[in-house]
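See structure below.
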(Lines of atoms letter the chains of each structure in order from A; the text may use other names.)
(Lines give C-alpha, C1' and ligand atoms only; values in the text may rest on other atoms or scores of the structure.)
Protein backbone atom coordinates (compact mmCIF):
# COMPACT_ATOMS: atom_id res chain seq x y z
CA UNK A 1 0.00 0.00 0.00
CA UNK A 2 2.84 2.34 0.93
CA UNK A 3 4.71 1.47 -2.26
CA UNK A 4 1.68 2.26 -4.40
CA UNK A 5 1.20 5.57 -2.61
CA UNK A 6 4.84 6.54 -3.14
CA UNK A 7 4.65 5.52 -6.80
CA UNK A 8 1.49 7.57 -7.28
CA UNK A 9 3.12 10.57 -5.58
CA UNK A 10 6.25 10.23 -7.76
CA UNK A 11 4.16 10.05 -10.94
CA UNK A 12 2.12 13.06 -9.81
CA UNK A 13 5.28 15.08 -9.09
CA UNK A 14 6.77 13.98 -12.40
CA UNK A 15 3.63 15.04 -14.28
CA UNK A 16 3.45 18.33 -12.36
CA UNK A 17 7.06 19.07 -13.29
CA UNK A 18 6.37 18.35 -16.95
CA UNK A 19 3.24 20.49 -16.84
CA UNK A 20 5.28 23.39 -15.49
CA UNK A 21 7.86 22.95 -18.25
CA UNK A 22 5.19 22.88 -20.97
CA UNK A 23 3.39 25.95 -19.67
CA UNK A 24 6.37 28.08 -18.61
CA UNK A 25 8.75 27.39 -21.49
CA UNK A 26 6.01 27.53 -24.14
CA UNK A 27 4.66 30.81 -22.75
CA UNK A 28 8.19 32.23 -22.66
CA UNK A 29 8.77 31.10 -26.27
CA UNK A 30 5.52 32.70 -27.42
CA UNK A 31 6.46 35.92 -25.63
CA UNK A 32 9.93 36.01 -27.20
CA UNK A 33 8.91 35.14 -30.77
CA UNK A 34 5.32 36.30 -31.22
CA UNK A 35 4.48 39.28 -28.97
CA UNK A 36 5.32 42.72 -30.44
CA UNK A 37 6.89 45.13 -27.95
CA UNK A 38 7.63 48.82 -28.38
CA UNK A 39 11.03 49.63 -26.89
CA UNK A 40 12.71 53.00 -27.44
CA UNK A 41 10.12 53.79 -30.09
CA UNK A 42 10.80 50.61 -32.07
CA UNK A 43 7.98 48.05 -32.32
CA UNK A 44 9.11 44.47 -32.91
CA UNK A 45 9.15 41.02 -31.33
CA UNK A 46 11.48 40.46 -28.39
CA UNK A 47 13.98 38.24 -30.26
CA UNK A 48 14.62 41.06 -32.73
CA UNK A 49 15.08 43.52 -29.85
CA UNK A 50 17.56 41.08 -28.26
CA UNK A 51 19.47 40.78 -31.54
CA UNK A 52 19.48 44.58 -31.90
CA UNK A 53 20.79 45.02 -28.34
CA UNK A 54 23.47 42.43 -28.90
CA UNK A 55 24.43 43.97 -32.25
CA UNK A 56 24.66 47.43 -30.66
CA UNK A 57 26.77 45.98 -27.85
CA UNK A 58 29.16 44.38 -30.35
CA UNK A 59 29.36 47.69 -32.20
CA UNK A 60 32.15 47.91 -34.75
CA UNK A 61 33.06 44.27 -34.16
CA UNK A 62 29.97 43.08 -36.10
CA UNK A 63 31.49 43.29 -39.62
CA UNK A 64 34.54 41.35 -38.46
CA UNK A 65 32.36 38.68 -36.81
CA UNK A 66 30.36 38.28 -40.03
CA UNK A 67 33.61 38.11 -42.01
CA UNK A 68 34.88 35.43 -39.60
CA UNK A 69 31.68 33.42 -40.13
CA UNK A 70 32.05 33.75 -43.92
CA UNK A 71 35.70 32.67 -43.89
CA UNK A 72 35.02 29.80 -41.47
CA UNK A 73 32.14 28.61 -43.63
CA UNK A 74 34.23 28.74 -46.81
CA UNK A 75 37.16 26.92 -45.20
CA UNK A 76 34.92 24.20 -43.72
CA UNK A 77 33.19 23.75 -47.08
CA UNK A 78 36.52 23.17 -48.82
CA UNK A 79 37.96 20.95 -46.08
CA UNK A 80 34.90 18.70 -45.76
CA UNK A 81 35.19 17.84 -49.44
CA UNK A 82 31.48 17.42 -50.15
CA UNK A 83 32.00 19.71 -53.14
CA UNK A 84 33.83 16.89 -54.91
CA UNK A 85 30.74 14.65 -54.96
CA UNK A 86 28.50 16.51 -57.42
CA UNK A 87 28.25 19.62 -59.60
CA UNK A 88 25.72 21.49 -57.44
CA UNK A 89 27.83 21.18 -54.29
CA UNK A 90 30.89 22.23 -56.30
CA UNK A 91 29.07 25.35 -57.53
CA UNK A 92 27.97 26.29 -54.02
CA UNK A 93 31.49 25.69 -52.74
CA UNK A 94 32.71 28.24 -55.30
CA UNK A 95 30.00 30.66 -54.14
CA UNK A 96 31.05 30.11 -50.50
CA UNK A 97 34.67 30.99 -51.32
CA UNK A 98 33.52 33.99 -53.35
CA UNK A 99 31.26 34.99 -50.45
CA UNK A 100 34.23 35.05 -48.08
CA UNK A 101 36.21 37.11 -50.60
CA UNK A 102 33.34 39.57 -51.17
CA UNK A 103 32.91 39.91 -47.39
CA UNK A 104 36.59 40.79 -47.01
CA UNK A 105 36.27 43.34 -49.83
CA UNK A 106 33.37 45.05 -48.04
CA UNK A 107 34.99 45.02 -44.59
CA UNK A 108 38.40 46.24 -45.75
CA UNK A 109 37.03 48.39 -48.62
CA UNK A 110 39.06 47.11 -51.54
CA UNK A 111 38.19 45.82 -55.00
CA UNK A 112 36.46 47.11 -58.13
CA UNK A 113 33.39 49.31 -57.87
CA UNK A 114 31.25 46.78 -59.76
CA UNK A 115 31.64 44.53 -56.70
CA UNK A 116 31.91 46.91 -53.73
CA UNK A 117 29.61 49.60 -55.12
CA UNK A 118 26.83 50.57 -52.71
CA UNK A 119 24.15 48.61 -54.62
CA UNK A 120 26.18 45.40 -54.97
CA UNK A 121 28.11 43.51 -52.23
CA UNK A 122 27.50 46.04 -49.40
CA UNK A 123 23.73 45.84 -50.01
CA UNK A 124 23.94 42.11 -49.23
CA UNK A 125 26.57 42.27 -46.47
CA UNK A 126 25.12 45.06 -44.33
CA UNK A 127 21.36 44.42 -44.12
CA UNK A 128 21.19 40.71 -44.97
CA UNK A 129 24.36 38.78 -44.04
CA UNK A 130 24.96 40.81 -40.89
CA UNK A 131 21.41 40.33 -39.68
CA UNK A 132 21.30 36.61 -40.44
CA UNK A 133 24.78 36.02 -39.01
CA UNK A 134 23.73 37.40 -35.62
CA UNK A 135 20.06 36.33 -35.64
CA UNK A 136 20.58 32.64 -36.42
CA UNK A 137 22.88 31.72 -33.48
CA UNK A 138 20.96 33.87 -30.97
CA UNK A 139 17.56 32.82 -32.30
CA UNK A 140 18.64 29.18 -32.14
CA UNK A 141 19.20 29.49 -28.38
CA UNK A 142 15.57 30.40 -27.74
CA UNK A 143 14.04 28.07 -30.33
CA UNK A 144 14.11 25.21 -27.81
CA UNK A 145 11.22 26.96 -26.09
CA UNK A 146 9.07 26.49 -29.21
CA UNK A 147 10.25 23.08 -30.36
CA UNK A 148 11.33 21.02 -27.34
CA UNK A 149 8.63 21.45 -24.70
CA UNK A 150 5.37 20.44 -26.35
CA UNK A 151 4.05 23.69 -27.83
CA UNK A 152 4.15 22.47 -31.44
CA UNK A 153 2.44 19.19 -30.52
CA UNK A 154 -0.29 20.98 -28.57
CA UNK A 155 -1.06 23.43 -31.39
CA UNK A 156 -0.67 20.66 -33.96
CA UNK A 157 -3.66 18.73 -32.65
CA UNK A 158 -5.93 21.72 -33.26
CA UNK A 159 -4.34 22.73 -36.59
CA UNK A 160 -4.63 19.23 -38.14
CA UNK A 161 -8.03 19.81 -39.81
CA UNK A 162 -6.54 22.72 -41.77
CA UNK A 163 -2.85 21.98 -42.32
CA UNK A 164 -3.04 18.35 -43.46
CA UNK A 165 -5.88 18.58 -46.05
CA UNK A 166 -4.94 21.99 -47.46
CA UNK A 167 -1.13 22.07 -47.35
CA UNK A 168 -0.28 18.39 -46.69
CA UNK A 169 1.83 19.16 -43.65
CA UNK A 170 1.35 18.21 -39.98
CA UNK A 171 -0.69 20.43 -37.69
CA UNK A 172 2.48 21.35 -35.79
CA UNK A 173 3.79 23.12 -38.92
CA UNK A 174 1.36 25.96 -38.16
CA UNK A 175 3.99 27.25 -35.72
CA UNK A 176 6.54 27.36 -38.56
CA UNK A 177 4.19 29.41 -40.72
CA UNK A 178 3.54 31.95 -37.98
CA UNK A 179 7.25 32.11 -37.07
CA UNK A 180 8.11 33.21 -40.61
CA UNK A 181 5.62 36.06 -40.67
CA UNK A 182 6.46 37.46 -37.24
CA UNK A 183 10.21 36.68 -37.20
CA UNK A 184 11.97 35.66 -40.44
CA UNK A 185 12.52 32.78 -42.84
CA UNK A 186 15.81 31.99 -41.10
CA UNK A 187 13.95 31.34 -37.83
CA UNK A 188 11.44 29.15 -39.64
CA UNK A 189 14.28 27.26 -41.35
CA UNK A 190 15.92 26.54 -38.01
CA UNK A 191 12.64 25.10 -36.72
CA UNK A 192 12.02 23.06 -39.87
CA UNK A 193 15.51 21.59 -40.07
CA UNK A 194 15.44 20.60 -36.40
CA UNK A 195 11.97 19.02 -36.69
CA UNK A 196 13.04 17.05 -39.78
CA UNK A 197 16.18 15.74 -38.10
CA UNK A 198 14.15 14.70 -35.05
CA UNK A 199 11.73 12.69 -37.20
CA UNK A 200 8.75 14.98 -36.67
CA UNK A 201 8.57 16.03 -40.34
CA UNK A 202 9.12 13.89 -43.42
CA UNK A 203 11.44 15.11 -46.16
CA UNK A 204 8.49 16.23 -48.30
CA UNK A 205 6.83 18.02 -45.39
CA UNK A 206 10.08 19.82 -44.54
CA UNK A 207 10.51 20.88 -48.18
CA UNK A 208 6.90 22.12 -48.37
CA UNK A 209 7.39 24.21 -45.24
CA UNK A 210 10.76 25.53 -46.44
CA UNK A 211 9.51 26.82 -49.80
CA UNK A 212 5.83 27.19 -48.92
CA UNK A 213 5.74 29.00 -45.60
CA UNK A 214 9.20 30.55 -45.11
CA UNK A 215 8.22 34.06 -46.11
CA UNK A 216 9.96 37.30 -45.27
CA UNK A 217 8.97 38.83 -41.94
CA UNK A 218 6.27 41.43 -41.39
CA UNK A 219 9.08 43.88 -40.67
CA UNK A 220 10.50 43.38 -44.16
CA UNK A 221 7.01 43.67 -45.64
CA UNK A 222 6.87 47.14 -44.11
CA UNK A 223 10.13 48.00 -45.89
CA UNK A 224 8.65 46.81 -49.21
CA UNK A 225 5.43 48.76 -48.60
CA UNK A 226 7.35 51.94 -47.82
CA UNK A 227 9.52 51.58 -50.91
CA UNK A 228 6.45 51.19 -53.14
CA UNK A 229 4.43 53.87 -51.31
CA UNK A 230 1.77 51.44 -50.07
CA UNK A 231 1.71 52.23 -46.34
CA UNK A 232 -1.61 54.05 -46.65
CA UNK A 233 -3.15 50.70 -47.65
CA UNK A 234 -1.01 48.53 -45.39
CA UNK A 235 -3.80 46.20 -44.17
CA UNK A 236 -4.93 45.51 -47.74
CA UNK A 237 -1.37 44.67 -48.72
CA UNK A 238 -0.66 42.51 -45.67
CA UNK A 239 -3.79 40.36 -45.88
CA UNK A 240 -3.63 40.10 -49.68
CA UNK A 241 -0.04 38.84 -49.41
CA UNK A 242 -1.01 36.39 -46.67
CA UNK A 243 -3.97 34.95 -48.59
CA UNK A 244 -2.19 34.73 -51.95
CA UNK A 245 0.95 33.17 -50.44
CA UNK A 246 -0.97 30.35 -48.76
CA UNK A 247 -3.26 29.82 -51.78
CA UNK A 248 -0.22 29.43 -54.03
CA UNK A 249 1.36 26.99 -51.57
CA UNK A 250 -1.83 24.90 -51.51
CA UNK A 251 -1.52 24.48 -55.30
CA UNK A 252 2.25 24.00 -55.52
CA UNK A 253 2.29 21.12 -52.99
CA UNK A 254 0.10 19.10 -55.37
CA UNK A 255 2.35 19.30 -58.43
CA UNK A 256 5.99 18.42 -59.16
CA UNK A 257 8.58 18.94 -57.87
CA UNK A 258 7.20 19.26 -54.32
CA UNK A 259 4.58 16.58 -54.87
CA UNK A 260 7.22 14.03 -55.91
CA UNK A 261 9.75 14.48 -53.08
CA UNK A 262 9.93 11.21 -51.05
CA UNK A 263 7.64 11.32 -48.04
CA UNK A 264 10.19 9.62 -45.79
CA UNK A 265 11.96 10.37 -42.52
CA UNK A 266 15.47 11.73 -42.02
CA UNK A 267 18.03 8.92 -42.57
CA UNK A 268 18.38 6.58 -39.59
CA UNK A 269 15.68 8.42 -37.63
CA UNK A 270 12.29 6.92 -36.78
CA UNK A 271 9.37 9.00 -38.02
CA UNK A 272 7.04 10.37 -35.33
CA UNK A 273 3.73 10.30 -37.16
CA UNK A 274 1.03 12.72 -36.07
CA UNK A 275 -2.10 10.86 -35.00
CA UNK A 276 -5.42 12.09 -36.37
CA UNK A 277 -7.42 13.31 -33.38
CA UNK A 278 -11.20 13.63 -33.63
CA UNK A 279 -12.28 13.42 -29.97
CA UNK A 280 -10.99 14.82 -26.68
CA UNK A 281 -8.60 17.15 -28.50
CA UNK A 282 -7.59 19.12 -25.42
CA UNK A 283 -6.79 15.95 -23.47
CA UNK A 284 -4.79 14.46 -26.35
CA UNK A 285 -2.98 17.74 -27.08
CA UNK A 286 -2.00 18.11 -23.43
CA UNK A 287 -0.88 14.47 -23.21
CA UNK A 288 1.35 14.83 -26.29
CA UNK A 289 2.85 18.06 -24.98
CA UNK A 290 3.66 16.40 -21.64
CA UNK A 291 5.31 13.46 -23.42
CA UNK A 292 7.60 15.80 -25.39
CA UNK A 293 8.50 17.79 -22.27
CA UNK A 294 9.25 14.55 -20.42
CA UNK A 295 11.70 13.46 -23.14
CA UNK A 296 13.44 16.85 -23.36
CA UNK A 297 16.98 17.16 -21.91
CA UNK A 298 17.93 19.73 -19.30
CA UNK A 299 17.12 23.27 -20.46
CA UNK A 300 20.76 24.40 -20.30
CA UNK A 301 21.90 21.40 -22.34
CA UNK A 302 19.23 22.29 -24.90
CA UNK A 303 20.29 25.93 -25.02
CA UNK A 304 23.96 25.05 -25.52
CA UNK A 305 23.24 22.45 -28.19
CA UNK A 306 20.98 24.81 -30.09
CA UNK A 307 23.51 27.65 -29.96
CA UNK A 308 26.22 25.44 -31.49
CA UNK A 309 23.74 24.25 -34.15
CA UNK A 310 22.83 27.86 -34.95
CA UNK A 311 26.47 28.91 -35.10
CA UNK A 312 27.28 26.10 -37.51
CA UNK A 313 24.26 27.00 -39.62
CA UNK A 314 25.41 30.64 -39.71
CA UNK A 315 28.79 29.57 -41.11
CA UNK A 316 26.91 27.77 -43.88
CA UNK A 317 24.48 30.59 -44.64
CA UNK A 318 26.65 33.74 -44.52
CA UNK A 319 29.23 32.88 -47.24
CA UNK A 320 26.51 31.45 -49.50
CA UNK A 321 24.34 34.54 -49.14
CA UNK A 322 27.29 36.80 -49.91
CA UNK A 323 28.46 34.72 -52.88
CA UNK A 324 25.12 34.01 -54.55
CA UNK A 325 23.60 37.39 -53.69
CA UNK A 326 26.53 39.46 -54.94
CA UNK A 327 26.85 37.54 -58.22
CA UNK A 328 23.08 37.84 -58.78
CA UNK A 329 23.20 41.61 -58.23
CA UNK A 330 26.18 41.96 -60.59
CA UNK A 331 24.14 40.20 -63.29
CA UNK A 332 21.12 42.41 -62.56
CA UNK A 333 23.02 45.70 -62.70
CA UNK A 334 25.58 45.04 -65.44
CA UNK A 335 23.99 42.56 -67.87
CA UNK A 336 20.67 42.38 -69.76
CA UNK A 337 20.08 38.76 -68.68
CA UNK A 338 17.18 39.53 -66.35
CA UNK A 339 15.62 41.84 -68.94
CA UNK A 340 15.61 38.97 -71.43
CA UNK A 341 14.32 36.46 -68.90
CA UNK A 342 11.50 38.82 -68.02
CA UNK A 343 9.85 37.98 -71.34
CA UNK A 344 9.07 34.51 -69.95
CA UNK A 345 6.53 36.12 -67.61
CA UNK A 346 5.10 38.59 -70.14
CA UNK A 347 2.11 36.39 -71.15
CA UNK A 348 0.96 36.17 -67.53
CA UNK A 349 1.26 39.87 -66.69
CA UNK A 350 -0.58 40.64 -69.95
CA UNK A 351 -3.40 38.20 -69.16
CA UNK A 352 -4.13 39.86 -65.79
CA UNK A 353 -4.36 43.27 -67.43
CA UNK A 354 -1.35 45.12 -66.08
CA UNK A 355 -1.04 48.54 -67.75
CA UNK A 356 2.67 47.90 -68.38
CA UNK A 357 2.91 44.11 -68.72
CA UNK A 358 6.58 44.01 -69.81
CA UNK A 359 7.63 46.22 -66.91
CA UNK A 360 5.64 44.02 -64.52
CA UNK A 361 7.22 40.88 -66.02
CA UNK A 362 10.78 42.21 -65.67
CA UNK A 363 10.16 43.36 -62.10
CA UNK A 364 8.64 39.99 -61.18
CA UNK A 365 11.60 38.07 -62.62
CA UNK A 366 14.01 40.11 -60.50
CA UNK A 367 12.52 38.39 -57.43
CA UNK A 368 14.51 35.23 -58.18
CA UNK A 369 17.73 37.15 -57.51
CA UNK A 370 16.71 39.22 -54.48
CA UNK A 371 13.16 39.91 -53.30
CA UNK A 372 13.81 43.58 -52.58
CA UNK A 373 14.93 44.27 -56.16
CA UNK A 374 11.39 44.36 -57.67
CA UNK A 375 10.39 47.05 -55.17
CA UNK A 376 13.44 49.20 -55.91
CA UNK A 377 12.92 48.64 -59.66
CA UNK A 378 9.33 49.98 -59.55
CA UNK A 379 9.76 52.60 -56.83
CA UNK A 380 8.03 55.79 -57.96
CA UNK A 381 5.84 54.13 -60.61
CA UNK A 382 2.41 55.78 -60.85
CA UNK A 383 0.35 52.60 -61.41
CA UNK A 384 -1.02 51.56 -57.98
CA UNK A 385 -2.23 48.14 -59.16
CA UNK A 386 1.21 47.38 -60.61
CA UNK A 387 3.01 48.46 -57.43
CA UNK A 388 0.63 46.39 -55.30
CA UNK A 389 1.11 43.30 -57.50
CA UNK A 390 4.90 43.53 -57.31
CA UNK A 391 4.74 44.02 -53.54
CA UNK A 392 2.68 40.81 -53.23
CA UNK A 393 5.00 38.94 -55.62
CA UNK A 394 7.99 39.93 -53.46
CA UNK A 395 6.42 38.09 -50.51
CA UNK A 396 4.62 35.20 -52.19
CA UNK A 397 7.47 33.82 -54.32
CA UNK A 398 9.40 32.90 -51.12
CA UNK A 399 12.31 31.37 -53.09
CA UNK A 400 15.21 33.67 -54.06
CA UNK A 401 18.91 33.29 -54.78
CA UNK A 402 20.46 35.86 -52.46
CA UNK A 403 19.30 34.32 -49.18
CA UNK A 404 16.58 31.66 -48.96
CA UNK A 405 18.12 29.19 -51.42
CA UNK A 406 21.54 29.26 -49.71
CA UNK A 407 19.78 28.96 -46.34
CA UNK A 408 17.86 25.85 -47.44
CA UNK A 409 21.01 24.39 -49.02
CA UNK A 410 22.77 24.74 -45.66
CA UNK A 411 20.18 22.49 -43.99
CA UNK A 412 19.37 18.79 -44.38
CA UNK A 413 16.03 19.47 -46.09
CA UNK A 414 15.90 17.22 -49.20
CA UNK A 415 15.19 19.71 -51.98
CA UNK A 416 17.71 20.58 -54.70
CA UNK A 417 18.67 23.90 -56.26
CA UNK A 418 16.90 23.03 -59.51
CA UNK A 419 13.74 21.97 -57.68
CA UNK A 420 13.69 25.28 -55.80
CA UNK A 421 14.10 27.25 -59.03
CA UNK A 422 11.17 25.34 -60.55
CA UNK A 423 9.11 26.07 -57.42
CA UNK A 424 10.04 29.76 -57.75
CA UNK A 425 8.76 29.83 -61.33
CA UNK A 426 5.54 28.06 -60.34
CA UNK A 427 5.01 30.46 -57.46
CA UNK A 428 5.66 33.64 -59.45
CA UNK A 429 3.30 32.57 -62.26
CA UNK A 430 0.54 31.53 -59.85
CA UNK A 431 1.00 34.70 -57.80
CA UNK A 432 0.61 36.89 -60.87
CA UNK A 433 -2.49 34.99 -62.02
CA UNK A 434 -4.16 35.03 -58.59
CA UNK A 435 -3.04 38.40 -57.24
CA UNK A 436 -3.32 40.35 -60.52
CA UNK A 437 -7.14 40.47 -60.66
CA UNK A 438 -7.34 40.96 -56.88
CA UNK A 439 -5.02 43.98 -57.09
CA UNK A 440 -7.35 45.60 -59.62
CA UNK A 441 -10.29 45.02 -57.26
CA UNK A 442 -8.42 46.47 -54.26
CA UNK A 443 -7.47 49.57 -56.26
CA UNK A 444 -11.11 50.04 -57.30
CA UNK A 445 -12.13 49.94 -53.62
CA UNK A 446 -9.70 52.70 -52.64
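Even glycines carry a Cβ here, placed using N, Cα and C.
Keep in mind that TrEMBL annotations are predicted by a computer and have not been checked by a curator.
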Range annotated as transmembrane segment in TrEMBL, from 174-193, 234-253, 254-273: 234-253
Leading contact stretch, 128-146, 234-253, 317-338, 421-445 vs the transmembrane segment (385-409) - CB distance under 8 Å: 421-445
Criterion met for the transmembrane segment (234-253) and the transmembrane segment (61-79) (at least three Cβ pairs under 8 Å): no
Average model confidence [pLDDT] within the domain 'Nucleoside transporter/FeoB GTPase Gate' (131-228): 83
Interface-richest range of 61-79, 317-338, 421-445 toward the transmembrane segment (358-378), CB pairs under 8 Å: 317-338
Same-chain residues near the transmembrane segment (128-146), Cβ under 8 Å, at least 6 residues beyond its ends: 25-26, 28-30, 32-33, 47-48, 50-51, 54-55, 58, 62-63, 65-66, 69-70, 103, 152, 175, 179, 183-184, 186-187, 190-191, 194, 296, 299, 302-303, 306-307, 309-311, 313-314, 317-318, 321-322, 325, 402-403, 407
Feature contact check the transmembrane segment (61-79) with the transmembrane segment (86-108), CB under 8 Å, 3 or more pairs: yes
Other parts of the chain folded back onto the transmembrane segment (421-445), taken as Cβ under 8 Å at six or more residues beyond its ends: 211, 233, 236, 240, 244-245, 247-248, 251-252, 255-258, 345, 348-349, 351-354, 360, 364-365, 367-368, 384-385, 388-389, 392-393, 396-400, 415
